[in-house]
């Protein structure tokens, strides 16, 4: 099941639990606006090339729309639509005043020079500058984009609208980016994990962890878990997988990866089959990489007691059912990986106020938001007698439905 079908299914299930009016339910699914633009640029060799850019703005009932821009050869309108919708529910679960959006350009950033990427980003911004804005739609980095991409968007947008640092988040610190933003998603995952384990009378220091994916989110989550005394016993990324039942030295592993661009040949662990990682014996499994990695083929063999969804949509609905029958507790992506968008919100707030916070304040506020959201999800689970995924979806959908109704959605 693809991301759009799974998101729609979760939404419909939540709408049924909440008893939403069928017309309201239908209107909440329909995006506010879908934008498609042709971006033609001269390449470094003088030839012209054209790329298609998208922006889906899903909902603005609770505030400006918010979501990433990805540069990827397979930017599919369906997937962008699903991710924009997911951002609507995710920002509502985190209780930050945004709606959802998502965008992208169908290109392979590896095939483009830095100057070509800059030209492409500026042309894309020229085409959509009157449809994004501080109080309209606030882009952020995603797959294939980074702080530099945001700097170009900010500069191009500011040519039309005056200096506007709050128009994008995930910017370089020197241009108004927030301290703590780089670690935010991984740190949020750890705060979420702590809240869940506490509910079950456990703590990070007593548990074993397996982490799939060792990019930004996975490496920060592993580092912070290690610092809190948790034992990370297996890690994988696109280059391979390693295990050590006595616990991997995460600082040493990060250093090894920085030096070799690979997890292979790490002296503090032995190689393992990456396919075995998801079904490896552990207390807590944290998928931080791609969607759909837990499916009906492997879900029955999962030995973890808790799954923390740091990736978007790592567990497909078939796996969800199998794991629920086994009594595995799943902390859903819509909450578990909301640390990134929460600190993006803090960045936006700092830019609007023109007053920057120190890193300690950012991290303390993030912890407060993550713990509060967890307790709100648990309340929904208790009042609707449902699992954590439906607790999170009902919380998010209910907040958006209430805002929509209060604003007078039929008018």
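Note: Cβ is positioned from N, Cα and C throughout, glycine not excepted.
Bear in mind that TrEMBL entries carry predicted annotations, made automatically and left uncurated.
The substrate binding site feature in TrEMBL is assigned to 66, 90, 344. Look at TrEMBL and you will find 102 tagged as active site, proton donor. Among the features that TrEMBL reports, site 'Important for catalysis' is placed at 142. Look at TrEMBL and you will find 185, 216 tagged as NAD(+) binding site.
Taking Cβ-Cβ distances under 8 Å and a sequence gap of 6 or more within the same chain, the neighbours of the residue listed as 'active site, proton donor' are 55, 56, 58, 67, 68, 69, 70, 80, 81, 83, 84, 87, 142. Most buried of the binding-site residues 185, 216, 344, judged by other Cβ atoms within 10 Å, is 344. Sequence-ordered, the extra residues of this chain that approach the substrate site, with Cβ no more than 8 Å from the Cβ center of 66, 90, 344, are 67, 87, 91, 94, 96, 98, 100, 140, 338, 340, 341, 342, 345. The Cβ of residue 90 (substrate binding site) lies under 8 Å from the Cβ of 100, 334, 335, 338, 341, 396, each on the same chain and at least six residues away in sequence. Residue 216 (NAD(+) binding site) sits 16 Å from residue 344 (substrate binding site), counting Cα to Cα. Largest Cα-Cα distance over the residues recorded as binding substrate, namely 66, 90, 344, equals 13 Å.
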